[in-house]
Amino acid sequence: MTTPSTLQSTQHSTLTALTDEEQQAGLTLEQLRQLVGLVEYDASADPFPVVAQDAVCFVVGNATQAAAYYQLVWGMELEAYRGPETGHRAEKSFVLRSGSGRFVLTGGVAPDSAVLDHHRRHGDGVVDLAIEVVEVDRCVEHARATGATVLVEPHDESDEHGTVRLAAIATYGETRHTLVDRSRYAGPYLPGYVARRSQVRAERVFEAVDHCVGNVELGRMDEWVRFYNEVLGFTNMAEFVGDDIATDYSALMSKVVASGNHRVKFPLNEPAIAQKRSQIDEYLEFYDGAGCQHVALATTDILRSVDLLSERGVEFLSTPDSYYDDPELRARIGEVRVPIEELKSRGILVDRDEDGYLLQIFTQPVGDRPTVFYELIERHGSLGFGKGNFKALFEAIEREQERRGNF
Ligand SMILES: [Fe+2]
């Protein structure tokens with residue numbers, strides 16, 4: 001459904017043409033360069049050409065209610081469904097869309113469903129960062145040759161809407177990357193799913209998925225960076241070590257890998273030794289292992305997004321007034337599109353680098369465990385991740401850890 005058919009015949013494409021999802025969302029290439037930092041690149045030498053992030057797939061404790069939450073609060077639209085009524089007796093899955101971003105929420109129905117075991121151990125979380133690729137077989141062949149664990153061999157799945165080619169490889173923790181070629185498929189999501197429309201309509205708050213962050217165990221970040229370099233052909237975008245991301249009490253290290261066109265960006269964090277437990281240690285304890293920490297959602301108007309989400313009950317990390325009153329920060333960020341007071345009243349953070357600036361804000365964890373949360377990000381040229389805000393952000397998280405008794 002996504003890959004333009006011309007991409008099938010030429011491996012010299014830059015893989016930066018609009019995907020079907022982006023076209024349907026009314027996005028333009030110029031907007032995507034702005035929104036998610038899309039770049040041109042030559043895919044001919046890429047051993048693992050990636051089109052885009054296909055879906056962020058969650059296991060949740062109650063998919064029926066989570067589907068309502070994401071529609072009513074996050075303004076996502078229900079597009080497809082699979083469950084007992086469609087012949088899938090063990091689980092229920094709801095497919096939701098916002099702009100070009102797609103979430104899949106799955107909950108266990110049958111008492112012996114493996115999804116329930118996963119949920120018992122990890123709680124609500126991301127199980128699959130599905131990636132749309134041009135040639136599934138070639139990617140799996142390369143993945144196997146470079147040492148990846150192939151969880152699902154390449155195979156076709158078909159229904160009246162066409163055929164998809166699917167496979168899956170393992171990544172950190174119990175997380176996987178399903179690889180999907182949907183160029184010969186026109187159905188609502190995947191074979192086995194039926195179209196299902198939202199009965200409710202809440203204004204949209206984000207346009208695309210910008211990046212998905214993984215938290216991995218102490219000492220294992222570089223191993224996973226190498227995995228993304230060697231297996232998926234991702235390149236390194238940025239790294240943050242040492243004083244960049246340490247407060248007086250806790251520390252972590254972070255490196256960012258990205259697909260050639262930068263549509264898919266995966267920062268990877270590991271805890272660093274410090275006086276107190278970092279947010280990464282807390283995550284690893286409560287998720288019971290490595291996993292996806294946050295999903296960053298790109299918006300064209302972060303003020304409106306924050307206002308809508310706040311009205312709908314989403315809680316954000318608070319930022320002290322001193323952040324905005326700091327003359328050093330004011331000098332560093334220069335002119336942004338709105339008065340600082342507008343950012344201050346909402347707790348939105350600003351960062352600037354040589355390419356431009358970005359506005360960002362982080363929610364509290366959205367489940368019962370202090371694990372998964374969201375970031376909203378509005379980019380204006382900056383391809384960064386808010387390095388200048390790490391310290392303020394981590395101090396805000398430490399205040400919350402303290403309240404939870406995990407610091
Ligand atoms: Fe982020």
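A Cβ is built for glycine as well, from the same backbone N, Cα and C atoms used for every other residue.
The Fe cation binding site feature in TrEMBL is assigned to His211, His294, Glu375. According to its DSSP assignment, His211 (Fe cation binding site) is in a strand.
Positions annotated as domain 'VOC' by TrEMBL: 52-182 (among others).
Sequence annotations record features per position, and here TrEMBL assigns domain 'VOC' to 208-364 (among others).
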*Which numbers of helix, strand and coil residues does DSSP report for the domain 'VOC' (52-182)?*
32 helix, 64 strand, 35 coil
*Tell me which residues of the chain lie with their Cβ under 8 angstroms from that of His294 (Fe cation binding site), as long as they are six or more apart in sequence?*
Cys212, Val213, Phe362, Val372, Phe373, Tyr374, Glu375
*For His211 (Fe cation binding site), which residues in the same chain are close in space, meaning a Cβ under 8 Å from its Cβ, but six or more apart along the sequence?*
Val256, Lys265, Phe266, Pro267, Val295, Ala296, Phe385
